[in-house]
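Trainee: Before anything else, here's the structure in question.
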Amino acid sequence: MTEKRLAQISVVLSTIIIMTYAFLSSYFLNKPLNLSSADLMYFALSNLLSLSLPFVCAWFPYLFVRPAAVTGSALSAFGLFLFFAITSSTMDDPKGAAAIWVIYFFWLIGAALAGVYPALFKPHFFTKTATRALVLSALFTVVVSFIIGFLISRIA
């Protein structure tokens, strides 16, 4: 399997799972509230945008580096999504669960900003091999983006 094909598969499968989670959670969490169809659809679309847009922003800058970097960033961003989805679903407090998704949003916006450095400057340590690109993009998505997201949340 080629490097590009692996990147495409990881991005498509992760996006499909995130979209499915967004629509199913929107429907089943609001069904007892007896919302109208228009309100339910509005909530589902806003939920979809708030979950999938940061995910896309996290791996998009790595398109300009190498496909293995896209794979590493997409899989680590998807791992973060799974962690936050499981954490928010096990919380009893709805405000706490909402705060978890705000942290997810800031973390992946930080990942998008962290991905700008390798995309613009294409450092040699990042582009030398596919394995390095995969591991470093995953580390940038998890560690560096946490620092940037934390700083953004403190400023905002």
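Backbone N, Cα and C define each Cβ position, glycine as well.
Here's the feature list from Swiss-Prot:
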- 7-29: transmembrane segment (TRANSMEM)
- 42-64: transmembrane segment (TRANSMEM)
- 69-88: transmembrane segment (TRANSMEM)
- 98-120: transmembrane segment (TRANSMEM)
- 133-155: transmembrane segment (TRANSMEM)
Trainee: Quick one: find which recorded stretch in 7-29, 42-64, 69-88, 133-155 has the most Cβ pairs under 8 Å with the transmembrane segment (98-120).
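Mentor: Stretch with the highest Cβ contact count: 133-155.
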Trainee: Residues sitting near the transmembrane segment (133-155): Cβ under 8 Å, six or more positions beyond its termini, same chain?
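Mentor: Non-local partners: 58-59, 62, 65-66, 68-73, 75-77, 79-80, 102-103, 106-115, 117-118, 125-127.
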